[in-house]
Amino acid sequence: MIEVLLVTICLAVFPYQGSSIILESGNVNDYEVVYPRKVTALPKGAVQPKYEDAMQYELKVNGEPVVLHLEKNKELFSKDYSETHYSPDGRKITTNPSVEDHCYYRGRIENDADSTASISACNGLKGHFKLQGEMYLIEPLVLSDSEAHAVFKLENVEKEDGGPKMCGVTQNWESYEPIKKASDLNFNSDQQRFAKRYVELVIVADHRMFMKYKSDLFSICSRVHDIVNFINWFYRSLNIRVSLTDLGIWSDQDYITVQSSAENTLHSFGEWGKSVLLKQKRHDNAQLLTAIVLDEDTLGLAYLSSMCNPWTSVEIIQDHSPINLLMGVTMAHELGHNLGMKHDEKDCLRGATLCIMRPGLTPGRSYEFSDDSMGYYQSFLDQYKPQCILNKPLRIDPVSTPVSGNELLEAGEE
C-alpha cells in the first residue's frame with residue numbers, strides 16, 4: 001500500500017485586507033494577502049522533483065476556499081530552445097538551457113467549469129486565475145514571511161495616465177477577403193473545431209529592453225517566459241500551440257534601427273529576420289519586444305495574413321505594462337493579425353469576456369478570441385494553406401540534414 005505524504009505550506013488568510021500597495025504589477029487598490037497551501041501526494045521514499053508535472057494549491061479568495069489545479073505546460077518551449085545574447089565586444093553567446101523541469105503551469109479552479117489559470121511557480125505563485133467570471137492576479141509579497149501572496153482583481157490595478165492604447169494595424173494594412181463566420185463553418189461534432197497546429201516563436205528583446213531591466217538577463221528571460229505562457233493559453237481555443245524556440249537579447253546594441261515609427265521598425269525587423277535570424281534559428285514567427293515608446297499611443301504592429309512568409313511573419317510590441325497578462329494579450333493580438341485576424345469592434349464582448357482582437361487594450365475580467373476571429377483564422381487557413389505551422393516542434397540535431405516543410409528556407413536547404 002502506498003503511503004501518501006502531504007506536503008503542506010501553512011494555509012491562512014492574512015489577518016487584514018490592504019487598501020493600496022505597490023507590486024510588480026503596479027499600484028494596486030484593494031487586495032488581500034493569502035498563504036497558499038500546496039498539497040502533494042507522493043509515494044513513500046519518492047524523490048520529489050523540483051517542479052512536479054501536476055500540483056494542487058488551496059487558498060482563500062474573498063474568504064471562500066479555492067482549490068487550484070495546475071498542470072505543467074509541456075508545450076511552452078521547443079525541445080531545442082535556445083537563448084542568445086551578446087558580450088560587450090559584440091561576440092554572440094548562445095546557450096541551450098534545460099527546459100524539461102521548468103516552472104510554468106496552466107490550470108483551473110475546482111468546481112468552476114469556466115475557470116482558467118496561467119501560473120509560474122518559479123518563486124512562489126505568480127500569474128492569473130479566472131474565478132466565477134472574475135480575473136484575479138496573484139504574486140508573491142516581499143515580506144518577512146516568504147509564503148505571503150497578494151491576490152487582487154485586474155480591475156483594481158491603477159490605470160496609467162494618457163489616452164487609449166491602440167494596435168497600429170488599420171484598414172490600410174488589411175485585405176478585403178470575405179470571411180467565414182465561425183457559426184457558418186462545417187465542423188464535425190466528433191472532432192475539434194480546428195486541427196492542431198504549432199507556431200515556433202522567436203522573441204527578440206531590443207537594447208532598450210536590456211537597459212530598462214538594468215542589464216539583468218535573468219529578469220528579461222523570466223518575464224518573457226511568463227508572457228509566452230499566457231500567449232500559449234489564449235491560443236488553446238484555436239488548437240494552436242505556441243512554443244518559444246529562441247529568446248534573443250540585444251545586450252550590446254540594436255541590430256536594426258529601432259525608432260518610434262512602428263511601421264518603419266516593423267519593416268526593418270522583417271528584413272533582419274529574413275536575412276539574419278532565419279539563418280540562425282528555425283522558426284515560424286518572430287516578435288520584437290521593444291522599450292521604445294511608439295508613436296500615436298501604438299502598442300504593436302503586424303502584417304496581416306503573413307504567417308510562414310520569411311519576411312513578414314513578424315510583429316513588434318512595445319513593453320507597455322508591468323502586468324504580464326496584458327503583455328500577453330497584446331502579443332497574442334499581434335500574432336492574430338499574422339494568422340489572418342482583423343480587428344473586432346472596439347466594444348466586442350464574448351459573453352462577459354473581452355475580445356482579444358479589439359483595436360485597443362482594455363483591462364477587463366478575462367480575454368478570448370471572438371467568433372469572428374475564429375472565422376478569419378479559418379479563412380486564412382483555407383486561402384493561404386500555411387505549411388510551417390503543421391510540423392510539431394522537435395529537437396533539432398545540429399549535424400543532421402536540415403528538414404524542410406515549413407515554407408521558410410532553413411540553413412542548408414535548397
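Quick reminder: no glycine exception, Cβ is built from N, Cα and C everywhere.
Note that this is a predicted model, so its numbers are computed, not measured.
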Remark   = Answer for the disulfide partner of Cys308 (Swiss-Prot, candidates Cys167, Cys221, Cys388) is Cys388
Request  = Have a look through Glu155, Glu158, Glu200 and flag the one Swiss-Prot assigns to the Ca(2+) site that Asp284, Cys388, Asn391 belong to.
outcome  = Glu200
Task = For Glu334 (active site), write down the residues of its own chain that are at least 6 apart in sequence and whose Cβ falls under 8 Å from its Cβ; none is a fine answer.
result = Cys167, Gln287, Gly300, Leu301, Ala302, Glu315, Ile316, Ile317
Request  = Looking only at C-alpha atoms, tell me how far His337 (Zn(2+) binding site) is from Cys388 (Ca(2+) binding site), rounded to the nearest Å.
outcome  = 16
Query = Roughly how many angstrom lie between the C-alpha atoms of Cys355 (disulfide bond) and Cys308 (disulfide bond)?
reply = 25
Key: For the Zn(2+) site built from His333, His337, His343, further residues of that chain with CB within 8 A of the site's CB center   = Cys167, Val169, Ala302, Glu334, Gly336, Met341, Lys342, Ile356, Met357, Pro359
Request  = Please state whether DSSP places Cys355 (disulfide bond) in a helix, a strand or coil.
outcome  = strand
